[in-house]
Amino acid sequence: MRSDIIKEGPERAPNRSLLKATGVTDSEMKKPFIAVVNSWNDIIPGHMHLNKLAEAVKAGIRNAGGVPFEFHTVGVCDGIAMGHEGMKYSLPSREIIEDTIELMVKAHQFDGMVLIPSCDKIVPGHLMAAGRLDIPAIVVTGGPMLPGYVDDNYRDLISVSEGVGAYSAGKISETEFKRLENLSCAGAGSCAGMFTANTMACMTEALGLSLPGCATAHAVDAKKILIAKESGERIVELVKENLTPRKIVTQKSFENAIMVDMAVGGSTNTTLHLPALAHEFGLGLPLEAFDELSRKTPHLISLRPGGPNFILHFDRAGGVEAVMQRLASKLHLDQLTVNGKTIGENLDELEIVNPKLNAEIITTLENPIHAEGGIAVLKGSLAPDGSVVKQAAVDPKMHVYTGPAKVYDCEEDAMKSILAGDVKPGDIVVIRYEGPKGGPGMREMLAATAALGGRGLLESVALVTDGRFSGGTRGPCIGHVSPEASDGGPIALVKDGDLIEINIPERALNLKISEEELKQRKASFVPPKTEITGYLARYQRAVHSANTGGIVD
């Protein structure tokens, strides 16, 4: 066992003495040492229950003959960090999480690990650590939040975010606004739609790194506790089998995950996280792969924010495996999963307990919601290296659109303008200097997009940015524009009134000015100076472009 290096032989007596100080017995020294990597904290709804999941995991480890040791990672709530300086720290936390797991696991020579993440950057951070370390590992994602129920409708965090715009426009009363605030977020779990956290949980299951059913089992559901305990038991077997993440996850696994992503209308943040994850697995995953697979994979289930269904409905309809069952003819069914079975073998054992709901909300390949998948990659003179849009959540009349630019150099300025009523139907809002380097940190523009949505403008106004979006964003919102403004990309050269062409079917995003004019603007471009200190300064120096996954070397 790997852990023998800290507990075997006379020279390790000091090590054993310290371990015994924590309560480890001589008989336990002979057992596998399992890290329980928990991102629990009590400021994030998606994490507030993870201590209970950790206890179930540890019970499972003990049942199977292992010795659990729990430690914690940081976790940022994108919802609480939204709309202010705090959002600059969200994406950079991904690498901090990965690095801290590496430090703890390498320093203490664990034999295996159970990873317990939840929420947007925490799940990819844990997954990236699994790929980098390549010791036996299994992931227990924290589970979705139940939707709230307000004014006879299911609600979620995006209901509140869009309520800000609706309230500022006088469309809802203060009483209605307060009801949304008080009742939309129902308790523990990651936000209730197919936003980034739940998308990444689905990616984890599709990649084969969590047990079947884990992604959509809700935070407060007994299923989640059972899966946690079973995962604790399974990790001990994984150690004995020496079945590591790199033996499970292959290039074909990533193709499977992207096809699931397209079928469920997942968050555009997968175009950041999956390439970064592939990098840690020693694999390549170019941005173009998402578009290639999107063209081949139909959109099969309409989930929030682009549709009416919540993860609650998705789970009851069969969850990730039910979608994979629909996609079976396209998937690589021979890919291994963490339970030791292939995807095909797991699907053979799938029981659909609510067949009527399954048939109602998960469509077929022959009769999909959309013929193409949820995400499209656009390129052109405004985004030579690419940009992304959740096409499944865009009104069809905005798929081909040209309009004048309204340019802002940060989200705050755009937000003030939107709430003041300065943005009119027909405009294209451009928010720049929000990329990985320019922010730094590549903030999400949810406050701005939700304000547009709340004011009823997402059927007549587009937003283009080198920043990114919440998984809860809907409408013609194009992000990850690369190269970013801070690197002198064309988005830095846009002026108020310039015409911008969006053509999603043709995958085009163009700035409608002459090449000569673009060259003249480029020649006089001087990037703004930033005064950044601390971790963000180091991040700004090391981070790569969004089209590479925003990896940090």
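Each Cβ is built from the backbone N, Cα and C atoms, and glycine gets one as well.
Annotation source Swiss-Prot lists active site, proton acceptor at Ser470. The feature Mg(2+) binding site is assigned by Swiss-Prot to Asp78, Asp120, Lys121, Glu444. Per Swiss-Prot, the feature [2Fe-2S] cluster binding site maps to Cys119, Cys191; the stated evidence is sequence analysis. Taken from Swiss-Prot, the feature N6-carboxylysine applies to Lys121, supported by sequence analysis.
A distance of 10 Å separates the Cα atom of Cys191 ([2Fe-2S] cluster binding site) from that of Asp120 (Mg(2+) binding site). Considering only the recorded positions Asp78, Glu444, Ser470, the residue whose Cα is spatially closest to the Cα of Cys119 ([2Fe-2S] cluster binding site) is Asp78.
Within the same chain, residues at least 6 positions away in sequence whose Cβ sits under 8 Å from that of Lys121 (Mg(2+) binding site) are Val76, Asp78, Ser90, Leu91, Ser93, Arg94, Ile97.
If you take the Cα of Glu444 (Mg(2+) binding site) and the Cα of Ser470 (active site, proton acceptor), they are about 6 angstrom apart, rounded to a whole number.
Cβ neighbour count within 10 Å across all protein chains ranks Asp120 highest among the binding-site residues Asp78, Asp120, Glu444. In sequence order, Val76, Ala81, Met87, Ser90, Leu91, Cys119, Thr196, Ala197, Asn269, Ser470 are the same-chain residues whose CB sits within 8 A of the CB centroid of Asp78, Asp120, Lys121, Glu444, the residues recorded for Mg(2+) being left out. For the binding-site residues Cys119, Cys191, the greatest number of Cβ atoms within 10 Å around a candidate Cβ is found at Cys191. The DSSP secondary structure for Asp78 (Mg(2+) binding site) is helix. In the shown protein chains, 28 other C-beta atoms lie within 10 A of the C-beta of Ser470 (active site, proton acceptor). For Asp120 (Mg(2+) binding site) paired with the residue listed as 'active site, proton acceptor', the C-alpha to C-alpha distance reads 9 Å. Annotation note: Glu444 (Mg(2+) binding site) sits in a strand segment as assigned by DSSP.
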